[in-house]
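Engineer: The transmembrane segment annotation in TrEMBL covers 27-46, 131-149, 161-179, 191-221, 233-251, 282-305, 311-332, 375-395.
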Amino acid sequence: MDTSVSSEDNKPSLNTQATSDAGHTRLLSTGLSILILALAILNMGVRNLPWHLDDYDQSKQAYVSFEMVERGNWFLQHTPRQFIATKPPLMGWISAGLYYLTHWWEISWRIPSLVSALVLLFLLKREGDKRFAVPVGILVAAVFALNLLTPRVATLVRTDMMLTLAIFIPGWIIWRKILARTEWTTGERWAIFASVLAGVLTKGPVLYAFLLPGIVAFLFLNKESRKYVWCGWWPWVIPLVIFLAWVWANIHNKDFYEQVVTKEFMGRFTSGEKAVHRSQPVYYYILHLTVRLAPWSLLLLVLLAKKQTRIWLRANAGTLWLLCWALAALLFMSVIPSKRTDRIFPIIPPLSLAMGSICAMWIERGAHWGKWSAAKWFTATIWLAAVASLGYTAANMYNQFRLPTDATARFGERVRAHAAPGNLRIAATPDGHEAVLLYLRIPEFTQFPKATRDLAQGKVDLLVLSRKEYEQSADKDKWEVLETLDKTESKDTYVCVKRKGA
């Protein structure tokens, strides 16, 4: 892939007097930059501690790989309650492969997201140092990592971070082509193809909603760079054909059609009384991003409001592409009725680069606002973002450990500890959170009547059921209670029992 940048398109005219003064252009020393990066990585690694699968549908994604390993269902998977899984299987394949290497589910489920986040952080830092008039890699990395959203997504057992990386790579390649003004190579087209294919096999065709609107907007706004933004049809179409082949192979399954095609995909576009998913107002994403990306969102709005920035953007095709990419995707996703904050996450990397480009321009020009140079203002924003993001993480971790949010996960560990010495068989009833299956490491729930019969007949050795089921059971006098999880620890209550004398 050609990585040279022959054009000065992304570098405004240099203010020699301003840039000769290192104090005007340098954001942080090398040591402080390393500290900020280390804090950002630590923040992403610990934000969701203690780890559990009780929220954000993490249990559904985790069960995909668990079912692959336990039952060999590599092509079509289910949820813990045996509905059809609504996402393509790529992340599940990766987690299953990692489990075969590590035999540690908690890590195998989270490595794909965390590694994707670290790759994005590295790429953004490097590009911020190499592509702009002055090196602002630490600022670009801080915009991406030091906010209220990225640390949360980084270790969730969800497809959002992997999808973001798959979306970022084509947009990043297009950006570099616009800067370099060189012809598309076969290697670059194959890179686009591979990343688009990875994206559609991670979360379906939503990838196109984050890239194609931006391409259309850029083609309309900048006719001179049209040939650099479009690599041809096949890198975009063939991945979609492969995805549709996967859909076609499963569409004969009635449950797949109803739960994936009708409910998961088409249901996103329904609204009003017939809405399948919860509808949100058009401004939902804008409002949430403004809050969760502060202070960066506020700084970007201030800089875009300045006339000099808008004039500069007209002559800067690279930054214009970054803004088209992010804002067109934001607009497109905003008109879809079904919304959730994590779904808009893929626009953060291009916004980070756009912020870096605009800030580099102001630093290069030696701008001063009040007694401070632009570089000092931006440095202060980095530290403010670090304090806000790390403080938010610390507060959340305190609450999560105090509750604790992983009470059900630890209950499952205790039950498995009872089962391990004699390789005892565990059954669980479905009256509770679906994540219980994964905490117990069993492949399916057993309905209460059958579960109690199996326990009485010795077909299972341990039974996990809800407190309500236990209290109402006529057989409870025949059981010995091994573990309990009460209301003081969790919103769901459980009891683990075995037959007396067994």
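Even glycines carry a Cβ here, placed using N, Cα and C.
All TrEMBL annotations are machine predictions without curation.
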Engineer: State, in range form, which of 131-149, 161-179, 191-221 has the highest count of Cβ pairs under 8 Å to the transmembrane segment (233-251).
Structural biologist: 191-221
Engineer: Please give the sequence-distant neighbours of the transmembrane segment (311-332): residues at least 6 beyond its ends with Cβ less than 8 Å from one of its Cβ atoms.
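Structural biologist: Tertiary neighbours of the transmembrane segment (311-332) are 9-10, 12, 131, 171, 174-175, 178-179, 209-211, 213-218, 221-222, 224-225, 229, 285-286, 289, 344, 346-347, 350-351, 353-354, 357-358, 361.
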Engineer: When only pairs 6 or more apart in sequence are counted, do the transmembrane segment (27-46) and the transmembrane segment (375-395) reach 3 or more Cβ pairs under 8 Å?
Structural biologist: yes
Engineer: For the transmembrane segment (131-149) and the transmembrane segment (191-221), decide whether they are in contact, meaning at least 3 CB pairs lie under 8 A, counting pairs 6 or more apart in sequence.
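Structural biologist: These two stretches do not touch.
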Engineer: Can you tell me which parts of the same chain pack against the transmembrane segment (161-179), counting only residues 6+ beyond its ends and a CB-CB cutoff under 8 A?
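Structural biologist: Cβ under 8 Å, 6 or more out: 1, 3, 5, 7, 9-10, 90-91, 112-114, 116-117, 119-120, 123, 127, 131, 153-154, 188, 191-192, 195-196, 198-199, 202-203, 206-207, 210-211, 214-215, 225, 228-229, 231, 317-318, 321-322, 325, 345-346, 348-350, 353.
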